[in-house]
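Novice: TrEMBL feature annotations, pasted as is:
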| type | residues | note |
| --- | --- | --- |
| DOMAIN | 1-455 | domain 'Major facilitator superfamily (MFS) profile' |
| TRANSMEM | 53-74 | transmembrane segment |
| TRANSMEM | 86-109 | transmembrane segment |
| TRANSMEM | 115-138 | transmembrane segment |
| TRANSMEM | 150-174 | transmembrane segment |
| TRANSMEM | 180-201 | transmembrane segment |
| TRANSMEM | 267-288 | transmembrane segment |
| TRANSMEM | 308-325 | transmembrane segment |
| TRANSMEM | 332-349 | transmembrane segment |
| TRANSMEM | 361-385 | transmembrane segment |
| TRANSMEM | 397-419 | transmembrane segment |
| TRANSMEM | 431-452 | transmembrane segment |
Amino acid sequence: SYSLLHASRKTFSNVKVSISSQWTPSCLNSTAPELRPYELWNSSHLFPNAEEATLFLGTLDTIFLFSYAVGLFVSGIVGDRLNLRWVLSFGMCSSALVVFSFGTLTEWLHFYNKWFYCCLWVVNGLLQSTGWPCVVAVMGNWFGKAGRGFVFGLWSACASVGNILGAFLASCVLKYGYEYAFLVTASVQFAGGVIVFFGLLTSPKEVGLPELGADEDEVSVEEDANRPLMGNDDVDDDDRNYSIQATDNDNQPKAIGFFQACCLPGVVLYSLAYACLKLVNYSFFFWLPFYLSNNFGWKEAEADQLSIWYDVGGIIGGTIQGLISDVLQKRAPVLAVSLLFAVGSLFGYSRSPNSKPINAVIMAITGFFIGGPSNMISSAISADLGRQDLVKGSSEALATVTGIVDGTGSIGAAVGQYLVSLIQENLGWMWVFYFFILMTSSTVLFISPLIVREIRLLLHERRLRMLAE
């Protein structure tokens, strides 16, 4: 379900060059045929030049992410109180209709209006925000802490798979017109929403299985994957796992409040860190195909296909780093090491030569060190934060916590998209990459208290093992 949501988002970034050409007079577009009468065939242009069209595209990205961020805070709370299947399927189908109206219907009707585009993208952001809190909550209902880093690291690749799917679908039909790229992805997403409505099982109890944690007490020590972040080292870990949505019918727990969730240990720090990291990750998501076409002069379809390598690196990075964090039973140190390498990879990618193979390799490495930590924070770490001991009496907390972390991240990403277009227009692409390096370094800075704390506990545990031997 989340792959399909991301595929429809990716479509917009993959067709920016085509939309920009459509929104500017054909006399500025050397590839467009000269059609008469001029006034009729150029009635669709919204902007006098490509620079203003590009700035508006960045504004649309910002509008989407701001509404998406606001929606995440609300959707997390709604997801903890209503049936997750209903919320998720409604968001998918409704968003598909909005995407169809934005990219396909307006082109078929030759209706071009900036305010109409902005309103549709606000609604799309609100509807798409139902996705991530709901899917993380469902995964949290089915998987306990044992191996969560690996399981969630592998599963969170769904966003990158969606990016690859969106890029593939868009590049296949782009030659017929950008409106068909929106049509295909919107249709697939709508069909996925129908399947989710009739087929999704949100918790084990729906098929008569025991609730998560009912038979996991004997492995609670192995499942203490994030104890340093969640509380003191001497906290009793009995009955540490429990169901988030699956509850006893006679003793229905109340969902945790928004401000209570904000006060949970680690939520604020990881939210601020994710705001910086998601800014960088989503800038690649929204602007990478445009950057490749604009900076190197490559064809739009070729740039779309080449941008897939960033997501391939993110898939591998999230899985491997999640596995390492399970082995160490600590998340923050793994994030720190990856982000330090990310700074170097960003510097290297900013100086990539005009060579597709070399660019693809450096792009994949950059995706490994940026996309991997981003996937980890938004999935495994959010699940850890939403299932700590402090919310045992109010177990329906995971969707709310996930909404807070991802919502704060989306606010940072929203501000970033406008800044990227502004920096690129005034200073050039090189300064955009310097901005990315600054934001990546800020991510490490925000989680530095957690890094220090977890490294100390790792050293302490190592000393205890040496004494025991």
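For all residues, glycine too, the Cβ spot is worked out from N, Cα and C.
Help me understand the surroundings of these features in the structure.
Specialist: In the predicted model, the domain 'Major facilitator superfamily (MFS) profile' (1-455) has a mean pLDDT of 76.
Counting same-chain residues at least six beyond the ends of the transmembrane segment (53-74), those with a Cβ under 8 angstroms from any Cβ of the stretch are 9, 12, 16, 19-20, 23-24, 46-47, 114, 117-118, 121-130, 132-133, 258, 282, 286, 290, 403-404, 406-411, 413-415, 417-418, 420-422, 425.
Panel annotation: around the transmembrane segment (86-109), residues 1, 4-5, 8, 11-12, 15, 22, 75, 78-79, 116-117, 120-121, 123-124, 127-131, 134-135, 138, 177-183, 185-187, 189-190, 192-194, 196-197, 200 of the same chain, lying at least six beyond its termini, place a Cβ under 8 Å from a Cβ of the stretch.
Within its own chain, the transmembrane segment (115-138) is flanked in space by residues 1-2, 5, 8-9, 59-60, 63-72, 74-76, 78-80, 84, 87-88, 90-92, 94-95, 98-99, 101-102, 106, 158, 200, 202-203, 244-245, 378-379, 382-383, 398-400, 402-403, 406-407, which lie at least six positions past its ends and keep a Cβ under 8 Å from the stretch.
Beyond the ends of the transmembrane segment (332-349), by six or more residues, the same chain brings 229, 277, 280, 317, 321, 324-325, 359, 362-363, 365-366, 368-370, 372-373, 376-377, 433, 436-437, 440-441, 443-444, 447-448, 450-451, 453-455, 458 to within a C-beta distance below 8 angstroms of the stretch.
Among residues of the same chain six or more beyond the transmembrane segment (361-385), those with a C-beta under 8 A of the stretch's C-beta atoms are 132, 136, 139-140, 145, 148-149, 151-153, 155-157, 159-160, 225-226, 229-230, 264, 266-267, 270, 273-274, 277-278, 280-281, 284, 288, 306-307, 309-318, 320-322, 325, 331, 334-335, 338-339, 341-342, 345-346, 348-349, 352, 398, 401-402, 405-406, 409, 440, 443.
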Novice: Quick test of the contact rule: Cβ under 8 Å, at least six residues beyond the ends. What residues does that give for the transmembrane segment (267-288)?
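Specialist: Apart from its flanks, the transmembrane segment (267-288) reaches 9-10, 12-13, 61, 65, 163, 261, 303, 307, 310, 314, 339, 346, 363, 366-367, 370-371, 373-374, 377-378, 381-382, 385, 401, 404-413, 415-417, 420, 432, 436, 439-440, 442-444, 446-447, 449-450.
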Novice: Hey, which bits of the same chain come close to the transmembrane segment (150-174), Cβ under 8 Å, at least six residues off its ends?
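Specialist: Same-chain residues near the transmembrane segment (150-174) but 6 or more away: 2-11, 14-15, 18, 135, 139, 143, 180-181, 183-185, 188, 285, 289, 300-301, 304-305, 307-308, 311-312, 314-315, 318-323, 325-326, 367, 371-372, 375-376, 378-380, 383.
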